[in-house]
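Novice: Below are the features listed in Swiss-Prot for this protein:
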- His114: active site, proton donor/acceptor (ACT_SITE)
- Asn84, Gly141, Ser159, Thr164, Lys165, Arg179, Lys182: acetyl-CoA binding site (BINDING)
- Asn84: site 'Transition state stabilizer' (SITE)
Amino acid sequence: MLRTEKEKMAAGELYNSEDQQLLLERKHARQLIRQYNETPEDDAVRTKLLKELLGSVGDQVTILPTFRCDYGYHIHIGDHTFVNFDCVILDVCEVRIGCHCLIAPGVHIYTAGHPLDPIERKSGKEFGKPVTIGDQVWIGGRAVINPGVTIGDNAVIASGSVVTKDVPANTVVGGNPARILKQL
């Protein structure tokens, strides 16, 4: 049975990101994001838009504008999580963010990747790897979380870090690439 490009994308296989269905879904997400980013803070419409855009949203989740993502429906955020402004989540695969997380301004979370081989990359195909962020994680400003990374519970990611590998629970990591600085 042939798989759709969307099914390939969700499975982390090479897929054509210019597929018509995917183009329409990204366009729909951009429309919701634009509305979200332009809606006043005290407006209940913002919560409604967030629930329409994302795969799941826990109780008392705050995402400050501006916020950007590819599709939205791959993003799942737990209760009492705060996402500061200028967050970008490229969600071609699942992104799970736990409960009681703090995400500082300008954090980027990427699930999208491209083939290293230049001929394959020229084809326009890409792939994704999921990102999982545990409970009570604090990600500092301008940190970058790369595809396929899992961050354990209670971890702290220092500002400006580039996280390329899994982060154990109860650790502080920092640098480019991020490395363990301290056990908590």
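The backbone N, Cα and C atoms fix where each Cβ goes, glycine too.
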Novice: Quick one: largest C-alpha distance among Asn84, Gly141, Ser159, Thr164, Lys165, Arg179, Lys182, binding acetyl-CoA per the record, in angstrom?
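Specialist: That value is 25 Å for the farthest Cα pair.
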Novice: Near Lys165 (acetyl-CoA binding site), how many other Cβ atoms are within 10 Å of its Cβ?
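Specialist: For Lys165 (acetyl-CoA binding site), the count of other Cβ atoms within 10 Å is 12.
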Novice: Taking DSSP as the reference, which of helix, strand or coil describes Thr164 (acetyl-CoA binding site)?
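Specialist: In three-state terms, Thr164 (acetyl-CoA binding site) counts as coil.
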Novice: Looking only at Arg179, Lys182, which of these binding-site residues has the biggest number of Cβ atoms within 10 Å around its Cβ?
Specialist: Arg179
Novice: Check the DSSP secondary structure of Ser159 (acetyl-CoA binding site), expressed as helix, strand or coil.
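Specialist: Reduced to three states, the DSSP call for Ser159 (acetyl-CoA binding site) is coil.
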Novice: In whole Å, how far does the CA atom of His114 (active site, proton donor/acceptor) lie from that of Lys182 (acetyl-CoA binding site)?
Specialist: 32
Novice: Just jot down the residues in the same chain as Ser159 (acetyl-CoA binding site), at least 6 apart in sequence, with C-beta under 8 A of its C-beta; none if empty.
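Specialist: Once residues fewer than 6 apart are set aside, Ser159 (acetyl-CoA binding site) is near Ala104, Gly140, Gly141, Arg142, Ala143, Gly174.
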Novice: Can you tell me the three-state DSSP label for Gly141 (acetyl-CoA binding site)?
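Specialist: Where Gly141 (acetyl-CoA binding site) sits, the three-state DSSP reduction gives coil.
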Novice: What same-chain residues, at least 6 away in sequence, bring their CB to under 8 Å of the CB of Thr164 (acetyl-CoA binding site)?
Specialist: Asn146, Val149, Pro177, Ala178
Novice: Take the Cβ of the residue listed as 'active site, proton donor/acceptor' and count every other Cβ within 10 Å, whichever protein chain it belongs to.
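Specialist: Total other Cβ atoms inside 10 Å, all chains included: 13.
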Novice: What are the sequence-distant neighbours of Asn84 (acetyl-CoA binding site), meaning same chain, six or more residues apart, C-beta distance under 8 angstroms?
Specialist: Leu64, Ile103, Ala104, Pro105, Gly106, Val107, Gly141
